[in-house]
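A.B. asks: This is the structure, below, for whatever I ask next.
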Amino acid sequence: MFVASPVKTNFNGVSLVKSPAFSALSCRKQHRVPISRQVRAVISREEKAVDQEDGKKSTNKPLINSSQFPWQRSKYTGSKTVTAVVKIRKKIKEKLTERFEHQLELFMKAIGQGMLIQLVSEEIDPETGKGRKSLESPVMGLPKAVKDPRYLVFTADFTVPINFGKPGAILVTNLLSTEICLSEIIIEDSTDTILFPANTWIHSKNDNPQARIIFRSQPCLPSETPDGIKELREKDLVSVRGDGKGERKPHERIYDYDVYNDLGDPRKTERVRPVLGVPETPYPRRCRTGRPLVSKDPPCESRGKEKEEFYVPRDEVFEEIKRDTFRAGRFKALFHNLVPSIAAALSNLDIPFTCFSDIDNLYKSNIVLGHTEPKDTGLGGFIGGFMNGILNVTETLLKYDTPAVIKWDRFAWLRDNEFGRQALAGVNPVNIELLKELPIRSNLDPALYGPQESVLTEEIIAREVEHYGTTIEKALEEKRLFLVDYHDILLPFVEKINSIKEDPRKTYASRTIFFYSKNGALRPLAIELSLPPTAESENKFVYTHGHDATTHWIWKLAKAHVCSNDAGVHQLVNHWLRTHASMEPYIIATNRQLSTMHPVYKLLHPHMRYTLEINARARKSLINGGGIIESCFTPGKYAMELSSAAYKSMWRFDMEGLPADLVRRGMAEEDSSAECGVRLVIDDYPYAADGLLIWKAIKDLVESYVKHFYSDSKSITSDLELQAWWDEIKNKGHYDKKDEPWWPKLNTTQDLSQILTNMIWIASGQHAAINFGQYPFGGYVPNRPTLLRKLIPQETDPDYEMFMRNPQYSFLGSLPTQLQATKVMAVQETLSTHSPDEEYLIELREVQRHWFQDEQVVKYFNKFSEELVKIEKTINERNKDKKLKNRTGAGMPPYELLLPTSPHGVTGRGIPNSISI
């Protein structure tokens, strides 16, 4: 029978009491909801007090006569009460119809028609040979008052036998027609409290009749899984793998692999793009969507309708705050591009910048219109006047923030010192390498690309280093010569890029040699720009900084072409490929092969947030055929082919960790006495110096964590889930690299620690360092043009005379047009923005406290957060050290990209847990 008894619960500062707000209506035949006599109605003390004041006697009569439901009678003689506190996150609802649906949902939950939950014990039921199960109980009652308005809290009570054992899993069935976001369930009895973290969307039973399985927070290895929930552990993993057939639906959480066959459209000649992930164009795998094919040879997937979003598993989708922030960025981008788009339409062409004030006006309210407003009184005049009229309303939308690179010194970008500094402390500080010998040699086929020796000869370099009072031999010996080399990655594409007719752009393959002076400044010595060779010429050109007006301007153009190369490689290789694309297979494999109970899953979970969604959005509108990257960056429609070529020639998992990458580039030397096992060649290398602090903190956390769960090598090799996970990453996720000998083995705790440290570094510190500086450095077009539209004029060229008359006009005419510039600036601003719901690396202790009921593990995360606080203090102190020329100086922005914390917005700082933008 039902027993009325007060039960109080308190978690996260929320006091809960149970309500008797249900009736016999809660058992509807069409759902056959079992309302058990084991479900107790619990009345608060306050309600009892009111009854007593009214002179009413409190009775224990049941609200529902259980004799009506004979199949519900308990077979248990000894029993105990277990209470479930269910926390649900509300959707942000704005429409009137949605509000009505919300109230209806509350009513349905109140009468027991919203959700059913069933406890599964860790103990085996001898009668079934499986884990003991409670009867299903409806989650009922009106929601309880909570401090956080985003959540609703409900309760359910169970009566289970004394020997039921500890609940290890909960089966959740959603009876509503819409999905429910389940935050957590807390199970309490007289002796214990067990947390079941969820943070997951529970599908409607109408979409899938299978109940969802939620496991307790305590992590355990497969071999340690309690017998009662072993079968559920495997069943849950199987449920997310899918069968590789059919189109995925929005409510599903299926993780599977596919090649990049959805970037182009073979039905449109100008949108044909190669499939990435085949022998000719190798690439990491993406998440499978199963959309229908539009062609079979090659097998290309439909891109769907323009506004239709690509599938990602339901729990990977942006939450409302993130989605609204992203939409706001797109809306702002629309307004950013509105005026130059109208100007282009009115003049029937895309307008170049003609003076630097055109660019300066981008950071003021009256952008572009002041230059492009038609003077006639017809339609053009009307539109121009109309736009001027709305400028007052949309000023904040039409105005760009001043990028950090020119905020305090408008002319810093012109100086060679700043050009060199950005190779160490800019948005792309990962390509500079130590120059160990001369001449520099190419690895390309000389029959196709000319002599392998660079034309940056010893004589040229010797002449330049003389200005610093040294010789070339001494400079090499003292490790003062450095190189940024894009020759081999770009030269195979240069002819094709320069032949693009729609939105034409021009490029070279560049090499730049730098000298690191004794006063701590890195300065460019010489630049080599190469075109494909012809029968008449090698087409290799050398430029050095000039001492007269002509060579001074030519040097500026040469540096601009280097920056254009750098911007393309940064975006397509270092940013997209090495963080976004390479991380996607790790996320897919983690969800397919590691149970949510697995300690490695729990460690990686915060570092996977939003990555699949942002990658899907990139395939939809950023890296696709005709997308922003193709429109606004040098490689154009060959962008993803270039990214594939880089994956083929240079990507190695074992070299993606920071120390290994620095050693590979010669920017650090192995030193067992150094804290991270490496010593920097340039101490004032802000990205590397700060990055090693972050790397070391991650490494220490991971090593402690791994040793906590794995005692020896045998525990690693015998973990079937772990071994399947690593095998799948190599053989499915990075299938095109599966036979490479450099893949780390997974036999020891040290192996696992190194693998996990690499992954977490890529998702957090590495992505932060090369992403959140995009607008601070790239928002000023002359500093970092993403493409150039003209080659450097030679004396025999028709453009040379114009260059001599007006070099500034020639320089600005080479930059992206106003529309191209504002397009890419808008994207860079969006990509550099922290969302209000960003989760930062320093906050891991808060995230992980929810996942663990293990004091020692919580201590590890607390120590990690404390270490990051110290690191932030250290970085701030470094940025004030006047001896560190690459961090501080007159008008120079400090290097803050690896500061752990940040407010939301475009800040140029902050390390999120994951690749979330």
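The backbone N, Cα and C atoms fix where each Cβ goes, and this holds for glycine too.
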A.B. asks: Match it up for me: which of 205-229, 305-329, 530-554, 880-904 does Swiss-Prot list as region 'Disordered'?
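C.D. replies: Swiss-Prot lists region 'Disordered' for residues 880-904.
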A.B. asks: According to Swiss-Prot, His575, His580, His767, Asn771 bind Fe cation; which one of Ile351, Ile359, Ile406, Ile917 is annotated to that same site?
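C.D. replies: Same Fe cation site in Swiss-Prot: Ile917.
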A.B. asks: Using a 10 Å cut-off, grab the number of neighbouring Cβ atoms around the Cβ of His767 (Fe cation binding site), all chains included.
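C.D. replies: Result for His767 (Fe cation binding site): 24 other Cβ atoms within 10 Å.
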A.B. asks: Tell me the Cβ contacts of His580 (Fe cation binding site) under 8 Å, same chain only and six or more apart in sequence, or just say none.
C.D. replies: Thr611, Ile614, Asn615, Ala618, His767, Ile915
A.B. asks: Just to confirm my parser: what is the rounded mean pLDDT across the domain 'PLAT' (98-216)?
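C.D. replies: It averages 86.
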A.B. asks: When you measure from the Cβ of His575 (Fe cation binding site), which residues in the chain that are at least 6 apart have a Cβ under 8 Å away?
C.D. replies: His767, Ile770, Asn771
A.B. asks: Provide the three-state secondary structure of Ile917 (Fe cation binding site) computed with DSSP.
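C.D. replies: Note: Ile917 (Fe cation binding site) is coil by DSSP, not helix or strand.
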A.B. asks: In sequence order, what residues of the same chain, 6+ apart, have a Cβ less than 8 Å from the Cβ of Ile917 (Fe cation binding site)?
C.D. replies: Tyr610, Ile614, Asn771, Thr830, Leu831, Thr833, His834, Ser835
